[in-house]
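A quick write-up on the structure given underneath.
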């Protein structure tokens, strides 16, 4: 135990002394603090419209010329009253034209953002130079024509328009009672946690493999194995990497949460879905993510011991990296179908349960019995992988030359036992 703690302390201190580790932690934490504090010092409403003050919007202050949108309109049958245009497009200016060619020229010369050709109250053409995702003008104009069409219908049939509108737009009262999981709100939590888990395991897994290979390439491992038990060595390395990753991630997330809580009012609580993760979802991700992290970390450590040169690391860890990437894609692409057969089966396989079981818990219905069975399987598998990794580490660290294939290493471990 003393040897393990000594290795753990040494490896952990190495992480804290590494410039890359410290700089990454400090820079990302600082960016989160500064970024989340910006709305408290600067007016960000032009960049992020949802940060605008609703009281100012109600004041109907005059708009700057840059804020006014310019449109052209060709009303062939003079069907539209300009007052309706002002009502539906309060921040826009319309230029009337006499021909489609004139309208096209205005659009092509970028003198207007778009042009409307009104053929009838149920038919119009919308001309723009380039289509954008944020353009809602077509939808708004369509709503305006729909209203005018209803007004004309009421007048032509001697109907009371207000009564017709009250019946047409009768409010429907409803209440949603969620008996299971709120998959809509939980989606952002699950998505973010999956990304963090993926990058954490990939990053620190490669660091563990590189650390083992470096000790082997500079032959310092020869001194270490004579004074420290190999099991204590690999376990110390893996646990140290896990703690370093947890501390780094906690520091960055903690900085973000602190900054957001101090500036929550300026964000109009728009980021609550990111920073206020339900405790049950967070607990499941921590349990499966923590044990699953160790599961993959031991594998990366064992694979790092199979090679003697750092340039061979990439080829050694490619297979496990591809498997983990496949698991990540399975979880990501099935978030909206968390009860599929693929998700159910993969949530009991140690290689994939690290991501698929927390995703199922966040996005669908899963019993505590299933969660318990999956967690026990993952924990036992991690202990078994740690045992095999220690055997491979002991056997492979003093073998130099060509990289050792994993299947050959497993055969040697079985033979020695």
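Glycine too: its Cβ is placed from the backbone N, Cα and C atoms.
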Which range of 212-230, 345-363 is transmembrane segment, per TrEMBL: 345-363
Segment assigned the feature transmembrane segment in TrEMBL (from 313-333, 397-417): 313-333
Annotated stretches the transmembrane segment (281-307) and the transmembrane segment (345-363) touching (3 or more Cβ pairs under 8 Å): yes
Dominant neighbour of the transmembrane segment (313-333) in 20-42, 189-209, 369-390, by Cβ pairs under 8 Å: 189-209
Candidate ranges 20-42, 189-209, 345-363, 369-390 - greatest C-beta contact count to the transmembrane segment (238-260) (under 8 angstroms): 20-42
Same-chain residues at least 6 beyond the ends of the transmembrane segment (20-42) whose Cβ lies under 8 Å from its Cβ atoms: 48, 51, 244, 248, 251-252, 255-256, 258-260, 262-263, 266-267, 271
Contact set, same chain, for the transmembrane segment (369-390): CB under 8 Å, 6 or more residues outside the stretch: 230-231, 234-235, 238, 284, 287-288, 291-292, 294-295, 298-299, 301-302, 347-348, 350, 353-354, 357, 361, 410, 413
Other parts of the chain folded back onto the transmembrane segment (189-209), taken as Cβ under 8 Å at six or more residues beyond its ends: 237-238, 241-242, 244-245, 249, 273-274, 277-278, 281-282, 285, 289, 292-293, 296-297, 299-301, 303-304, 313, 316-317, 320-321, 324, 328, 331-332, 335, 354-355, 358-359, 362-363
